[in-house]
């Protein structure tokens, strides 16, 4: 068996050459970054200079046009503003003239009304006198009627007397006839006399004629002798007939008089009724006449007043029209000058817009070319990473076969017990060694074989005494993979920060538009329309996405250069918000978290914590082969990484909460500014702001955040105490204490629960080979998952804390997927 050929001893990670190469590599990266930034700044300065020249030329032309406009405006002054006192005086004078005219007409109407009233009073007195005379006539008629009634009653009494006398005469005649018949039954009554008697009984009474006593005529001598019985009977009969005739005449006369009285009474009633109707009609006609006269007077008065006012107004209007035409001519000249200036400005802006469009097109073409090159470069880098991971997996398989072969050789040597090994067995062992060292062509690229090097690395870190070439090669391959992963993480971090900054700028612009309002188009009214709640959720989601993509960041955000922001015009400058209790609390919490971050002890540079480069990228050809010092305990590093992640998440969440509070304050301020214009009620906005502030102050978010800060401080103190105890125990050279991990079991961490700290296996990139907890690490989640859980447990208690994605141990494909998403 030939002796092994001597190989060159491997270089130590602390070798001066390696340190010098690393320093040169870092300086070269810094110089490249500075040169790139200088070139970008130079291009920006040239662009700004060109824009400044164009702007200067535009300003010169604008100044010339404005000068010409000012000259025109000076030559044609603007019309003087009419003072309100002169207008009021003219209006008062017109009103005074109108009232004076109406007063004159009213006085004339009052005089005529007084005259009419006097005439009416005289007419009323005449009518009263006529009424008195009519009343006297009626009384006279009534007296005559009473006299007539008395005469009628007297005649009726006389009639009754005559009837009584008739009855007596009839009775006497009847007795006389009875006596004559008793004396001479054969007696014949005498004949009726042929001449009318001369006494009153034979005369027919007349009611109309005057009552004159009948003069008895002297009797003839032949009638002188005494009357016989026959003559007396005939005289009685004649007297009876005269009484009957007199009674008939009296009855007919009385009936005619009664009919005439009834007729006259009917005429009197009709006359009274017609008189009442005529009086009512006369009253209505009189009222209508008065109304018509008043209406006619009012119309005449208004007509005369309007005629006078129109006459005065026509004179005033002619003068006003002349003045208005003069002012219109001046304004027409001034507006023509302004339009000419604006037209020149529009032409200049159109040219500037065309230049900007051309420049934007050129920039777009350059960006397309750069994006195509970046896409090709990223695709090549992904292929390179895949090939290198495949090579690492093949080396791991080959190393495993070599280890198996070495174990078999050791067992063969231990079984031989000093005897010589047979040639056949030796040949078989040599063939197996050659086949183990030979490249494996059937190895398939799987996720398990790609990241199997992490489990081998954990064994190698627990056996630092083995100094063979395979260990150095394995460490080199692991460091190469680490360098590639760190480079990808740095690129991902830069892209994430760039997108987050763009998102912040977009949200700032949206906030400015919400505060200042969208400029109104032609024909539209400028208004303020925005939704505070929608923008709040939108910005919150953007910050949440930025936090999800920044889980694997290894450097604080303060070390990353902030991209230069565009200077916003003066119109979009937002007012500085006044300090509020919530903002002051958030500010104090931010300082507390920053002080905690600075107080956490930082581990020395190890393979899993590379030195941060100024450029944020690493050259994959230069490897840092530094070893981890003995005090770099994997559990301590995992806990420190977890605390760093928790503090970073809390700081980001507090900044998000502060930005949300500031945006809400700006929204309320914008609403109050709008309320001054009358669009909304300021009292409602103040009530909403007060209610929101009371809800935020009384909420449990701030108390939970302060409690979490106290828990982090407690954890930092516990870790410092544990580190001091561990340093004192290691000085006593007690290896069992280091391997057992009893120092960490007594820690009462608050941010990292015991259920999460039981998976204390270190990161696969930093674990040494031969770790006895390899099986438990394969079965459970890795340290990355534990730190993610810790970050979520702390950020869930912070107001508006976004959810992060959980990354399990051994899932390296997520890194490539995130890189593909970024590109």
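Positions of Cβ are set from backbone N, Cα and C atoms, glycine also.
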Item to check | Annotated range (TrEMBL: region 'Disordered') out of 369-402, 403-436, 437-470, 471-504 | outcome: 437-470
Next on the checklist: In TrEMBL, one of 94-138, 139-183, 184-228, 229-273 is tagged region 'Disordered'. Which stretch would that be?
Outcome noted: 184-228
Next on the checklist: Should anything in the same chain at least six residues away from the coiled coil (254-288) have a Cβ under 8 Å from its Cβ atoms, list it; otherwise answer none.
Outcome noted: 145, 148, 152, 155
Next on the checklist: I'd like to know the mean pLDDT over the coiled coil (96-165).
Outcome noted: 85
